[in-house]
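Feature annotation from TrEMBL assigns domain 'STAS' to 481-604. Under the heading transmembrane segment, TrEMBL lists 124-141, 153-176, 238-260, 332-351, 363-385, 391-411, 423-453.
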Amino acid sequence: MGNADYECPHPVAIPPTKPFFKALGSSLKETFFPDDPFRQFKNQSVSRKIVLGLQYFVPILEWAPRYTLEFLKADVIAGITIASLAVPQGISYANLANLPPILGLYSSFVPPLVYAMLGSSRDLAVGTVAVGSLLISSMLAKEVNPFENTKLYVQLALTATFFAGLFQASLGLLRLGFVVDFLSHATIVGFMSGAATVVCLQQLKGILGLVHFTHETDLMSVIHSVVSQSHESKKKKAFFWINAMAPLTSVILGSLLVFLTHAEQHGVQVIGHLKKGLNPSSITELAFGSPYLTTAVKTGIITGVIGLAEGVAVGRSFATFKNYHIDGNKEMIAFGMMNIAGSCTSCYLTAGPFSRTAVNFNAGCKTAVSNIVMATAVMFTLLFLTPLFHYTPLVVLSSIIIVAMLGLIDYEAAIHLWKIDKLDFLVCIGAYAGVVFASVEVGLVIAVTISVLRVLLFIARPRTIVLGRINNSMIYRSIDQYPDANNVPGVLILHIDSPIYFANANYLRERISRWIYDEEDRLKSCGQTSLHYVILDISSVGSIDTSGISMLEEMKKNVDRKGMKLVLANPRSEVIKKLEKSKFIEAIGQEWIYLTVGEAVAACNFVMHTCKSNAGEMEQNRQDDNV
């Protein structure tokens, strides 16, 4: 078996070495430009390149010439629909952030216009988000009381928004979007569910009509605040029926009820006066010289990352339904520019909330023009309708937030994670528990830490798998996955499932040694042929560093001491080049490096059978001589 294969093995090619700068350029391109955005500029005239460049950075220039009246009809309907949600949500989320309610309306005017020009998603509806609002409230309120020093608090919120936009745009321009990928799906599910739970708990202030409420976001602080003030809510029993109906009422009905019953005079809190007019400039309000600038920067970076993670994930989810692709780096630039522009026009952090995007999608939007229609509707509201919100009760805003947040508590996703991957479920629960029982920042730190530790664990503890031969074939697969696969007598075949770096080289040396000991013990207990060859299938080893090469050299010495032979199968291009430069190929011998596991096994069998035959002949000759 395998002798014919061994006689004509396929040679393992060693690719020519590239010049250093060419190799470096290729590596950087793969890292930062995997989508090759410059492909479209090849073989184009200068004028055409300018046009393509403008279309790349301002996507509306690319699709606007193809815009049709049919698209406009659909986008107008969708835009008006999401505007009806944007107005009450904008006011509600501004209230959640402890900001003047009018800032919520401002934030639904300018940012959507900027995103419509720069964004690549057709479905994403831009606006304020509950999690971002909660983060701003929890982080800034620790430094500045939003009720005692409202002006400074607003300035810090605008400054945080500016730095959030600057950070987001920088990630996009520098092609560093992979930073956001460290927030895995499980992390986002747990963090968002925890934040949604906290947001719902925070709305007890409005539901119960409590005046003095904790600024902390953890569960115990909220419960203590509710219990300690339970007597305050009981004093307003006469008008508690308004609070009870709040989840089922609209802003209009709630405002009408308050106006007709004069409930605001009996303890029901209302929004109060909202200033008419469009967004005033806030460039001079950015607090770059404030002693709290560090807090604003930290808040901006954290909210920026969360806004990106949520917005890009939502955009990609809905793009999948319509079978088109969104550019993550373009989205980051669009998010960054809309937040920078927003911070200069009295807007606070905006992103792509799931609830609003889902409404936009279901309303039949075709392009980002739906955001322009929504912004136009909000502009009309700012110019003419803001006085009508004077009597809107805060309990209605609380109910709006709770309804939106309940959709973010994705228990089905958590159950799915438990069924598929227990470690992912642990990441999800860790993020959720951190947010609910400690704080939003602690939950975020726990989520990111667990995710990074998981990545490090995969790198530092790669899988090594014993391979066996599938019956009636030359295919070698994992014995765990295919229990019927047969061990090759006298040969141990191990598959290494990751690059070999300094972080895992020592572990791999110890794990491979253990596999050898275990195989020797198994063979002794079964009375089978002793172990002669250790084949390492390194087809999944994409790269190796000097520590990895040292590990292979040490493994060769250990195997040699046991009277065995180390064999390599299917080394990748980068790996074989480094093995040649390090003289490892010379040490192990070119004849012990094979293109496939099958060829390596055939070679080992051939040598073992040849040695047995030679030994048999020598024994026969010795006996003949004695005779």
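Placed from the backbone N, Cα and C atoms, the Cβ positions cover glycine too.
The average pLDDT computed over the domain 'STAS' (481-604) stands at 91. Between the transmembrane segment (153-176) and the stretches 332-351, 363-385, 423-453, the greatest number of Cβ pairs separated by less than 8 Å involves 332-351. Mapped onto DSSP helix, strand and coil, the domain 'STAS' (481-604) counts 66 helix, 21 strand, 37 coil.
Sequence-distant contacts of the transmembrane segment (332-351) (same chain, at least 6 residues past either end, Cβ-Cβ under 8 Å): 57, 94, 97, 99, 103, 106-112, 114-115, 118-120, 126-129, 132-133, 136, 157-162, 164-173, 177, 180, 279-283, 285-286, 303-304, 306-308, 310-312.
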